[in-house]
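If you look up TrEMBL, you'll see 20-40, 61-86, 106-132, 153-173, 193-214, 295-320, 340-370, 390-411, 431-457 marked as transmembrane segment.
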Amino acid sequence: METNDDVSLREQLFHDRVREIIICVQLFVCLYILSYLILTHFKKNAEFFTDDVEDAIVNKIVLWLCTFTLSIAVGAVLLLPISILSNEVLLTFPHNYYMQWLNGSLIHGLWNLVFLFSNLSLVFLMPFAYFFTESEGFVGSKKGVMARVYETTVMLLLLSLLVLGIVWVASALLHDNMARENLYDLWEYYLPYLYSCISLFGVLLLLLCTPFGMSRMFSITGSLLVKPRLLEDVEETMNCAVFEEASLSTKLNNNSTSCWLILNIETMKKQFVSIQAKRMALETRRKASAWQRNLGYPLVMLLLLALTVVCVLMVCFHVLELLFDESAMPRGMEDPHLGLASFSMFGSLGATMQVVLILYLMVSSVVGFYSSPLFSRLLPRAEDTNLTQIIGNCVSLLVLSSALPVFSRTLGITRFDLLGDFGRYNWLGNFHIVFLYNVLFAGLTSACLINTVTWAVQRELIRAFGLHRLPFTVSRSAVHDLKRLSFHFRKIVSYLNGSKGQQLKYIFPEVLRKRIKVPVMLSAMPPL
């Protein structure tokens, strides 16, 4: 009887394991397809259809590696939302037969797989992809893909030795003799220490990018939506765009009579294309319905403001918890007990709010990352992003997304403890680091929010009352620029005569637009 029970137990464990593997593979395939579609939308097609077959093969391999990395990044973003929602589903349907596959073993396995592959991508796959694109093979060796693989492998090995040496020196300085005595213990000590440093860098990057991204979300969302007529006069902006487009069209058609404009013809063509796109966008916005114009913009702005305020309040409450409750510190757990209790005091509604806030933090961090002057050059463009930029974007997104679970738990957005190796970082148990991190995030987010709201309210009030149409104040520097500009014009007029003097009627508006800030209607000035 006991033998039959043992056999049935082993069969049950085997079937559970097979089911978990099938679910993980299906989830990975879906994420891989989504990531591949995203990368093919941004990649530069000329790099994959070249006369050099070797370069085309290398580029395809690198694209596959980037797709794998991006799919792991998306999976890291979905870790906490899937875990929280799985717990709520099991609480709602505790005895449902079709929900029995959703258990703690599956969630724990997903966390371990994401941790393993994210660090594998950061440490090996992405450096390999970059060196692979830059390699040409050793001097004197036979050309081909394998020669480039050999060179890339050697470069990656040297880089690994360099990084491990730096980690060993850093750990020896910080932990005295412990690192020297455990030099042979590479897997148990140095790799987790390296992962801890990478996670700390990602969390610090989130600390800087997320508050800035929250403030940028208001302006970006406002530019995409149709504002009410009280805040924006679409008709006036449309007329200005039409006049400016007509002016540029006239100058482009008459460029044969202007020797000065021939030198700047490419710039004028780019301006004409941008103004034409702006006019078409304004036409679309002018056709928006009254409901979309009067309700869409205020509701979205209020939603963004509410999410930001709730996030700041939760972090402030977590700061107080850290002072009085030791259990508020982020920690790891080995066996997640799903379906026993909700991770929010407000039940399913609170858990749903946690998921929304986590996704909002991730979107804000990505917006802040690409809006910062340091990383703005990495911003991908549709069908015009080279492989080096794609590699940089995949690495950046993976660093941000892999640090998101630690970031959310450190700020107290959720009480779901970190699973697997995510909870083994050395700095998570340091009260001073966690407390200072929460205070800095609350302070930076509040400062960015206050600055954004006050400037936005001031700007919209000025536009609502028509004060932006008043004559602008001319400073001393502007007067000096006008005097210097008029002096140069007098010299040009005195030098040019006859037919050459007639060319000034085309360059006069262009020079004024570049030298001084004048109303937009000046750009639509017809030839004199």
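Backbone N, Cα and C atoms are what each Cβ position is placed from, and that goes for glycine too.
A Cβ distance under 8 Å defines the sequence-distant neighbours of the transmembrane segment (61-86), meaning residues of its chain 6+ beyond its ends; these are 27-28, 31-32, 34-36, 38-39, 43, 48, 102, 107, 110-111, 114, 117-118, 121, 125-126, 128-129, 132-133, 336, 338, 343, 351, 354-355, 358-359, 362, 387, 390-391, 394-395, 397-398, 400-402, 404-405, 408, 414, 416, 419. Using the rule of three or more Cβ pairs under 8 Å, pairs at least 6 apart in sequence, the transmembrane segment (340-370) is not in contact with the transmembrane segment (153-173).
Counting Cβ pairs under 8 Å that are 6 or more residues apart, the transmembrane segment (295-320) and the transmembrane segment (20-40) reach fewer than 3 and are not in contact. Tertiary neighbourhood of the transmembrane segment (390-411): same-chain residues 39, 42-43, 62-63, 66, 69-70, 72-74, 76-77, 79-80, 114-115, 118-119, 121-122, 126, 129-130, 133, 198-199, 201-203, 205-206, 209, 314-315, 318, 330, 358, 361-362, 365-366, 369, 375, 378, 380, 417-418, 422, 425, 428, 434, 437-438, 441, selected by CB-CB distance under 8 Å and a gap of 6+ residues from either end.
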